[in-house]
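Here's the structure, in structure tokens; my notes come after.
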Amino acid sequence: MPAHLAVLTSKPEWQTLKEQRERLDGVLMKDLFEQDPGRAKRYFIEGAGLSLDFSKNRITDEVLEALLALARSCNLEARRDALLRGERVNVTEDRPALHTALRNPGTEAVTVDGEDVIAEVQNTLNRMETLVNDVLDQRRTGYTGKPFTDVVSIGIGGSYLGPKLVGEALQPYARAGIRCHYVANIDGTEICETLRQVHPETTLFLIQSKSFRTQETLENSKVARQWFLDRCGDEQAVSQHFMAVTANVPAAQDFGVDPANVFPMWDWVGGRYSLWSAIGLPIAFSVGMANFRALLAGAHGMDQHFREAPLAENLPVVMAMLGIWYNNFWGAETHAILPYDHYLRSLPDHLQQLDMESNGKSVTQAGAPLAWQSGPVIWGGVGANGQHAYHQLIHQGTRLIPADFIIPLKTHNPVATHHADLFANCLSQSRAMMAGKSLEEARAELAAEGRSEAETEQLAAHKVIPGNKPSNTLIMESVTPETVGALIALYEHRTFVQGVIWDVDSFDQWGVELGKQLGKGILPRLLGEKGGNQASDSSTDHLIERFRSTGGA
Ligand SMILES: O=P(O)(O)OC[C@H]1O[C@H](O)[C@H](O)[C@@H](O)[C@@H]1O
């Protein structure tokens, strides 16, 4: 292998992990639990209101030590400090990635190109506070003087997934009187269905786009603007009802948004890390500014933990390195996110963008091809629903699927014994994954059912659950603004740590751009217009013909 391809995999720490991996061949977690009654307590760490039980992993103390040694050998601590200091960690775009500054309470200076970032952040938070309070307290109203009842947030990707997740997660804190709607897709159904639910006199539209160039967002915003004008007939009223969050102020102004209603975004915030900025306005409208600030405080608590906790007790570091363990040494190709909480149902969607856009890369920061696997497929869904669907494959399929179970100790909605039932389901799944069911147990079960010997022999193999499937269990007291903030920040840092190990730029997303470029060439052809002379292929041409033949547009 050429030397430049082998930096990571030729490290002695990598070799040690390979040896550890071989040593664990055939070793069952359930035996490790039996041999060591202290295992659960030893592999349990806490920070920023979250606790992680990582005992149900294929690890020993030696493995953990070797994983942390690998992290150190990749200069993780220095790279982390560079991130938090605002160094240009996004090398291909030559920018810092300062989402942590968005939740920094302002006690320490962070500068970018000589500008005091913290002061800008605090100013923006104060502007948000004024707007949100004015709307919630009905000092600011729609064009006929009626209070606002609905906020329609139009944005996609990072300008959508984070606010939607948190808006849902903090529903118990929602203020009466304001409903938030989210429109992301260019599928016209989404904007049409949303507009059917709202009234022009009482609806505030938030155009959420860092670039103000995203097709889906701009087209949906145009539809919303026209819908509004058709009903109110007054161009002047647009400025009362349309606001924007963007780094591209001139484009927002061209669209007709009053500059006083434009909230800033900055180059140094990646879209998928932007819910903490004014992109979080829908959250603030829903739960009030005090709760939004509590969300930031929770995330800041995790930033502090990430910065200060020793690596062995550092939640994002330990979770990241466990991910590296399965991804790079055990051949795992996916990672499941399984929140056992209805309020956190959109967490897998948000983490999918966060992780897959960040670490879906195949060259190093210097541009050399990776000779190791980078980010896995992130997927998942809310428990217990998944147990009646895809958990079968986790338990008995041929693939190794590490999972994160996430569950609060207390519910906002105590009803009957539901929360204990939910908790029992969560624990039963991680235990089933870990312990499984042996052939002997399967046989005994069938015999106890009164099956014949022949039947028992025939069926037993199907009933075996191999077990030894790894999982983490993340718990928190309850789903609050603080714990939700900490939880999302935890995964942000987990993603960063893995990017450091794989030596990729976790803050660009060039892969997304190609589809956007090609779309610009295909659209005119679908519409039968001139242009769109870019390279094509017979499949694309044929499908365009089919679309045109039905008069599809
Ligand atoms: O906020 P915008 O500029 O409209 O971008 C919205 C989204 O666009 C792209 O798809 C990027 O890959 C995402 O990271 C981004 O969040």
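Each residue, glycine too, has its Cβ placed from N, Cα and C.
Bear in mind that the values here come from a model prediction, so they are computed numbers and not experimental data.
Among the features that TrEMBL reports, active site, proton donor is placed at GLU357. Under the heading active site, TrEMBL lists HIS388, LYS516.
The CA atom of the residue listed as 'active site, proton donor' is located 29 Å away from the CA atom of HIS388 (active site). A 10 Å cutoff on Cβ-Cβ distances gives GLU357 (active site, proton donor) a total of 22 other Cβ atoms nearby, all chains included.
For the pair formed by HIS388 (active site) and LYS516 (active site), distance between Cα atoms is given as 37 Å, rounded to the nearest Å.
For LYS516 (active site), applying a Cβ distance below 8 Å and a minimum sequence separation of six or more within one chain yields GLN215.
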